[in-house]
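Noted in TrEMBL for the protein shown:
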- 6-27: transmembrane segment (TRANSMEM)
- 39-57: transmembrane segment (TRANSMEM)
- 63-83: transmembrane segment (TRANSMEM)
- 95-117: transmembrane segment (TRANSMEM)
- 123-144: transmembrane segment (TRANSMEM)
- 156-175: transmembrane segment (TRANSMEM)
- 187-206: transmembrane segment (TRANSMEM)
- 218-240: transmembrane segment (TRANSMEM)
- 252-272: transmembrane segment (TRANSMEM)
- 284-305: transmembrane segment (TRANSMEM)
Amino acid sequence: MSILLIQKIAELFLMMFLGFAIVRAGVLRSGDSVVLSKICLYLIIPCVIIGAFQVDFEKKVQAGLLLAFGAALVFHVFLMILCRVLRKTFRMTDVELGSVVYSNAGNLIIPIVTGVLGPEWVVYSSAFLVVQLVFIWTHGKLLFTGNEKIQPAKILLNPSMIAVYIGFFLMFSGVRLPGILDGGVSSVGDMVGPVSMMITGMLVAGMPFRRLFAHKKIWLVVFLRMIFCPAVALLLIRLSHAADLVPNGEQVLLITLLATMTPAASTITQFAQLFHSDAEYAGSINILTTLVCIVTMPLFVALYYL
């Protein structure tokens, strides 16, 4: 598994470099990445969600899915508490808080789970993605807009949430998308990794290299995202003995742990662009956490199996 993790991370860096190169070559400008951000948030991610729910809803799947949802919910509640503490203690910015709280599970978790455990396990990763999706479009969006009044209609009817409803319907009803439609949705969803990482590369290409590490708190953000949060998740899993609750519980919770240990979310970089925050700083955090995860992800997987 460690070799596969390193391979996937190396692929992400290659995608990021392509975005960087196309800007430095003068073909596109760094600001052109905002178009890709909108395509990713409002089109590609919904396709990922719909595709993840194309599984048979057997009793074994039901139990594992409930465990995956429960674990994801508990962890996100912890993250909300952590966010309040960090804001008061370290006076972190919206970009810093979002980067600590939200992981890049959408880009890494599905290909890793598919490659290591098999496609039949992807549905459990979708549980984490759905929970994160709800939080990121409520709490995450509020970090950047500063608007304390949540508009339920906008949250419940945004494209990603609509994709969740479609996904649940398909899973519970047993209905499957027709071949052509399924192929189209799957192909668009497969773009999530390349597009997200190219956006980051394009943003970084637009700033001087010395600014990549210029922010004083960037290493604190990296520590919290890549070491502290996964360590807490691992501790909660061990202390709760939740893996004993369902068949194959160990694999289900491994998927949840993998989702928590991924780098800072590319969605935060995209939010920073759309809501006129410090997108370059968000891109720097994304790059640095992606680099660090080459070491931390295999390490936490090894600790999980001790």
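Numbering starts at 1 and runs along the chain as displayed.
Placed from the backbone N, Cα and C atoms, the Cβ positions cover glycine too.
Unlike curated entries, TrEMBL annotations are predicted automatically.
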Requested in this report: Answer with yes or no whether the transmembrane segment (284-305) touches the transmembrane segment (6-27) by the criterion of at least three Cβ pairs under 8 A, sequence separation 6 or more.
Outcome: yes
Query raised in the report: Hey, does the transmembrane segment (39-57) touch the transmembrane segment (156-175), meaning at least 3 C-beta pairs closer than 8 angstroms, sequence gap 6 or more?
Result: yes
**Report entry** Leading contact stretch, 123-144, 187-206, 218-240 vs the transmembrane segment (252-272) - CB distance under 8 Å
**Finding:** 123-144
Report summary line: In the same chain, residues at least 6 away from the ends of the transmembrane segment (218-240) whose Cβ sits under 8 Å of its Cβ atoms read 71, 74-75, 78-79, 82, 86, 90, 92, 96, 99-100, 103, 253, 256-257, 260-261, 263-264, 281, 284-285, 288-289, 292-293, 296, 300, 303-304
Report summary line: Ranked by Cβ pairs within a distance under 8 Å of the transmembrane segment (63-83), the first of 39-57, 123-144, 187-206 is 123-144
